[in-house]
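S.K.: As listed in TrEMBL for this protein:
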type	residues	note
DOMAIN	A:24-371	domain 'Aminoacyl-transfer RNA synthetases class-II family profile'
BINDING	A:Asp87, A:Leu88, A:Thr89, A:Arg117, A:Gln131, A:Asp135, A:Arg288, A:Tyr292, A:Tyr293	L-histidine binding site
Amino acid sequence: MALTPARTPPGVLELLPLDQIAFQDMLDTIRRNFERFGFLPVETPVFELTDILLTKEGGETERQVYFVQSTGGLEKGGTPELALRFDLTVPLARYVAEHEHDLNFPFRRYQMQRVYRGERAQRGRFREFYQCDIDVIGKDSLSVRYDAELPAVIYNVFRDLKIGPFTIQLNNRKLMRGFFENLGVADGEAQTLVLREVDKLDKRGADYVRDTLTGEAFGLSADVVRKILDFVAIRSTSHADALAHLAALGQGGDTFNQGVAELREVLELIRAFGVPEAFYALNLSIARGLDYYTGTVYETHLVEHPQIGSICSGGRYENLAGHYTKSHLPGVGISIGATRLYWQLREAGLIGTGTSTVDVIVTQMDEAELPRYLAIANELRAAGIATEVVLEPGKLARQFKYADRAGIRFALVLGSDEIARDAVQVKDLRRQEQFEVPRAELVKTLRVELEQAAAMAAR
RNA sequence: GUGGAUGUAGCUCAGCCGGUUAGAGCAUCGGAUUGUGAUUCCGAGGGUCGCGGGUUCGAAUCCCGUCUUCCACCCCA
């Protein structure tokens, strides 16, 4: 019989156990901080009704969505009834609209689940990946103060992930739109297109963007383009510098002035939220491609690894669920693409394999003593120590090799000698040390060893 | 979805002006006086050379097609 090659479809990230542990550690850190800031957990199904997901009718969305079809439906043909979610924001909108009367507003939710996009697979781009989102949804209105809270969450998350210095970069869509209006680019659609080009500044360089904007597609004058590029080049180097830049912008139209005022308030509050000023900055080139952002927008970059790009982004939107409810539900949210982040951190050497979740392995010296080994394991487990017992007889060398490859740090050895002395040999495979402890002190000793190991790992 | 490159062992690759049984390193598995791993030594398994067709006495090697993967664009986490 011909074998079917065992392989994953392209565009997925499947990990070996120790890597999976490292990835889960990352998710745990993110979740812990989301909860610390008082966000509530929500999970939604991987698939939604097709008409819910495709309300936007955007060609891009439809091209990237995976449809889900039952066998019966397949025979009937037509557009499938179900589709896989491609982000967590659309499901959130549906969720909030559906449960509107049972939710407490402002509604603060976090959600960490996989999403699916039918993209052409490429390095560091996935078709199945985790998003870790937090959003705050207001009823009728939502203070701009929440726009300042999210950077505080971001700061706490990435500080705890210990992946080096980073900058949360801020901009405001109102400021951008107001600025474009002043230049005569009044049409919303055109502004979006210009913003999208401006977003490529860091990647493609000023010359490319200048050529595009003065070219046929946009037809802007050289003077206007120069003003845009100068404006968009503004970056702050400190809190005071950011405020000075805002002050220097002067007055524009209503939209422009509102954008400036919002940015000023957000900046002031970010500081009050306790984010050190080295970790946030004004960057007027941050545009974000998504057209539903209406105010504050964020991107976060690692200072020492700019090639990684944004590791967390989001912003303010004026009305979350307009497709599903007449209620006006403004919100602000951010998203961490955990799968890509993990993958890139690993590529950059910033994250290694995890530590095995198994603390101790009980080796099998003497098959007849198996009940004794199992009793010890039960005692350790009761004390909260994750323990594995070797159940099949075999050479000790093999057992150690197994433990080593599994990344299990401590191995217990109990043969007739130790049993006679009522003692246990504890071998630390990492430090290549072995010592004997009285049987009665085993749990206490292992606890101390494990605490030390954890403390060393945390440094 | 558009354009460009790639394809030899599980992985990284060598072999390619056509010529005997296709190689290396790493990995895997086994052994080195029976209670100690990752280091050392010895040995073993593993490839219809992406797939199909063509040229030829003879193809991993040349030609055509096809698929795959990768890169860029689009878009984005």
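All residue numbers here begin at 1 and follow the chain in the order shown.
Cβ from N, Cα, C; glycine included.
Curation does not apply to TrEMBL; its annotations are automatic.
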S.K.: Can you give the mean pLDDT for the domain 'Aminoacyl-transfer RNA synthetases class-II family profile' (A:24-371), rounded to a whole number?
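M.R.: The answer is 88, the mean pLDDT of the model over that range.
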S.K.: What does DSSP say about A:Asp87 (L-histidine binding site): helix, strand or coil?
M.R.: coil
S.K.: Output, ordered by sequence, the same-chain residues six or more apart from A:Gln131 (L-histidine binding site) with a CB under 8 Å from its CB, or 'none'.
M.R.: A:Asp87, A:Leu88, A:Gln111, A:Met112, A:Gln113, A:Arg114, A:Val115, A:Ser335, A:Ile336, A:Gly337, A:Ala338
S.K.: Taking DSSP as the reference, which of helix, strand or coil describes A:Gln131 (L-histidine binding site)?
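M.R.: Note: A:Gln131 (L-histidine binding site) is in a strand by DSSP.
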S.K.: As a test of the contact definition, list every same-chain residue at least 6 positions from A:Tyr293 (L-histidine binding site) whose Cβ is closer than 8 Å to its Cβ.
M.R.: A:Arg173, A:Gly315, A:Arg316, A:Tyr317
S.K.: Over all shown protein chains, what is the count of other CB atoms within 10 A of the CB belonging to A:Thr89 (L-histidine binding site)?
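M.R.: A 10 Å sphere around the Cβ of A:Thr89 (L-histidine binding site) contains 22 other Cβ atoms.
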